[in-house]
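K.L.:
Structure provided below as structure tokens; questions to follow.
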Amino acid sequence: MSGRRRAYPQPQYSAAAPSGISSPPVSQFQQQQQQPGQPGQPQAGFQGAYGAAAGVPAYGADQLLGQFQQMSVGNGAAVGTPQQQFQQPQYPQAQYQQTQQQQQQAPQVNPQLSYDPYQPQPQAGIYGQGMGGIPPAAGVGAGAQPVASYGAYGQASNLAGGVQLNALYTTDLSRDLPPPIAELSYQPPPITLADTATIIPGSKTANASSDYFRSTLNVVPNNSSLLKKSKLPLALVVKPYNALKIPDENVPVTCDTVISRCRRCRGYINPFITLAENGRRWRCNFCNLLNDIPSAFEYDEISGQVKNKFDRVELNHSVVEFIAPKEYMARAPQPIVYVFIIDVSVHAVSSGLTGTITRTILESLDRIPNENKTARVAFIGVDTNLHYFRFNEGLDGTEIMVVADIDEPFLPSPGGLLVNLDENREAIEKLLYDFPSFFESTANQGFALGPALKAGHKLISNVGGKLVCFAATLPNIGEGKLSVRDEASVAGKPKEAKALLTPADSFYKSFAVNCNSSQVTVDLFLTSAAYQDVATLANLPRFTAGQTHFYPAWTSNKYEDVAKLSKEVSDHLSQDIALEAVLRVRGSTGFRMSSFYGNFFNRSSDLCSFPTFPRDQSYLIEMSIEETINKPVVYFQAAVLHSTSFGERRIRVMNLALPTSSKLVDVYASADQLAITNYFTHKAIEKALSSSLPEAREYLISRVVDILNIYRKELVAGNVSGASPLQISTNLRMLPLLLFCLTKNLAFRSDRVPSDHRAAALNNLGSLPIPQLIKSIYPTVYSLHNMPDSCGLPGVKEESEEDGNDDNDEQGVEVDVVLPEPINDSKSSWENYGLYLIDNGSELFLWVSGNVVPGLIQDVFGTENLYEIPTGKTELPEYSIEESEFNYRVRQIIGKVREQPDSIIWKNLYVVVGASSNEPIEISQQRDLMALRMWASSCLVEDKTGSEPSYRDFLTSLKSKVSQ
């Protein structure tokens, strides 16, 4: 096997159709040369850059709530172009057995008109000067003179507090084909504030990063009528943590326990307050009340040194964390506690779940957060009985205690069941090592999950913690017993959702609410090829701030299954979770937090309770405008009061300031299409569970129609007769695509889907952070056979202007593996001899086209026979870079795509061989292969899939709906 780089046949370039090259499409806007005097619209926008111990009294969330309320926490453009043909040495054509194809030279493109959808064109912004023959939107106006520009986002159409807001640029969806998917990785429209809006003028860290805190609208309507008219939602997306481990975040912490809050609204001091009375007092930006500046801001009583209050991190940074004094503690911070509830029925033992889980826990003991050596653990095995394990002090072994009374489960011992991990390490290790042997000859088919949950809750209700459940069997005995539902009679019918996706037993929700009151979270890891009623069981994590992890048809006989489950469980246990947490979001006067979405429980109208706060989920808060807003800027603040796993009480505060406007044009010009997609996803889930799946799909499509209608009526200049009905602002042009693709997601699609799979998909969509959500809706596809030579190898960090003053000068230092530019989710972007990697957020598919050249599969798989490639769930053979550079690069890309610092998900790889004209009949008739091809192809969401139309057909249907 040669280690040299090969050059695989490149697709022909065609200006009329998409090619396999990872190049962005050129729309009619870019194809036409701008002519002075020609009616047109500038195409501009923002630049894409990512950039229970004995004697301890019970203390629950109700007491914590009372204490907390007393505190009143508040009211890309692709780098490739069509000219880029990667010049590499060519293999002899005979070796490839391919018909030689003549390469068509790419047409010359005016450099000024190269693909950059958010780069304003020279002279753009004046009616009659532009491209495409589409007049500017209202608010830009015929003959409007350019005033100024804000970065790359275009000209201002309005002033907010003396600051020019983002301009509106219109595009035609029917011309933006294929859709410019690079924009899915762009940052939201910039938030334009005056330098004087912050106490530190011009501060670049005063407003929260969209990774933590973002709004669906980056210009807020100043009254409810305008918001209703816009057909756009007003909501906040909150993700307080962006890494699984505390050291991986760069959030400043105030350590002096001095916390300054408004006396009236209880808002935290932040970068947007103003000073009064010679700096002795600060005016709250939420309620306008004057408050005293703490003396500790200017004088350190311990050291006797004078301090500069303007150096305080809470005045300089939008996201900060306070170490809280005792006044913020309802009780002393509790230790981190895990109760492992393990299925030991015959199904769990025979599938290997019991052995895999105990081995994984054993290997992960060092990863459990235990900095102060206070972590506690307990183990309960479950079949038709409850098997407790008592640790005897001073003894290496454990005693098994069996409780057969599952109707009234009790703790068989007053002590030794919940023990300190550090002090009992040897005994715990021995138990986990021996655990599978205790049940290896079982024939017990029962699984009393409900009684086990109640027993675990009783064990830790006075300290709180986590119940981590591993199940391979449907709960079939005791309280919470479930039965298999009749899917065949309702699948594909309007009543499917109510019959299959709503809870079958109220026990699980009521138990979850009780757990929340006791600061207990439930996490589920479900592994079975048979029905498990995910829709019912998912209530446990949903109301306790946990998560449901679903592994259909899992078996320990498959290495890849074991690897995925083990890695995800291990990463789950290693999270630096917060304990006994509450979240409250406040806004400026005139706003009300009306609805809350995510995995938690609302204990009051605006207080979200989290027994433990995970670091891999996000939350959405819908807002309503209660009165007219007369200020140019409004403010929002999210605060998470919590205890760390190492025993500190902390408050994480996030701040966001947004301009307001009375003009619809400004609202649309700064709308965040990804955050809006998140909002509509939550509403569609709500609609599906309360009504039906067809109504949820119709809800999504009708939202697109409403937005296009209002845009056409209000924002297309003069509502030009005969104008395309599919016009929308450039910053929202991915929204119709995303909502259309959401209807084809496993959670909502009209095709028949097993109810457990659909319920798991709905559950995941309701808690995913935005980047993972978008990938689940619109999978990322990479073309590997023609990727640039730099891809799959470490890149080099180049110093940018923003980095110029940084102390950390890493210019010329190797950094992360370079990935190819994504291509559109459509077979029209593929070649029949290509190699493609599909990432849908949960799995990876490596698609080997049926006419792939032998040299390519030799380099990747070590064989020239296409049908000798191992397909399905597998891993690639590992060759060194000297043995096969291409194999090495492909594996590096797969490894990079699997990296997710804020998620525990490990994506299995599925190898799929595409069909070809000379495919052997015995291959083409393999049911597993056909099913695998259909599964992978369903990720190509722009194409027609099953009974679902293509995106082009969807746009065609929209024209008639919008024109009506």
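Placed from the backbone N, Cα and C atoms, the Cβ positions cover glycine too.
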K.L.:
Between 262-287, 704-729, 730-755, 834-859, I'd like to know which one Swiss-Prot lists as region 'Zinc finger-like'.
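P.N.:
Matching range for region 'Zinc finger-like': 262-287.
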K.L.:
Say we define neighbours as other CB atoms within 10 Å of the CB. Which of the binding-site residues CYS262, CYS265, CYS284, CYS287 has the fewest?
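P.N.:
Comparing Cβ neighbour counts within 10 Å for the binding-site residues CYS262, CYS265, CYS284, CYS287 gives CYS287.
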K.L.:
For the region 'Zinc finger-like' (262-287), how many residues does DSSP put in helix, in strand and in coil?
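P.N.:
Split into helix, strand and coil, the region 'Zinc finger-like' (262-287) gives 0 helix, 7 strand, 19 coil.
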K.L.:
Mean pLDDT for the region 'Zinc finger-like' (262-287), rounded to an integer?
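P.N.:
Summing pLDDT over the region 'Zinc finger-like' (262-287) and dividing by its length gives 95.
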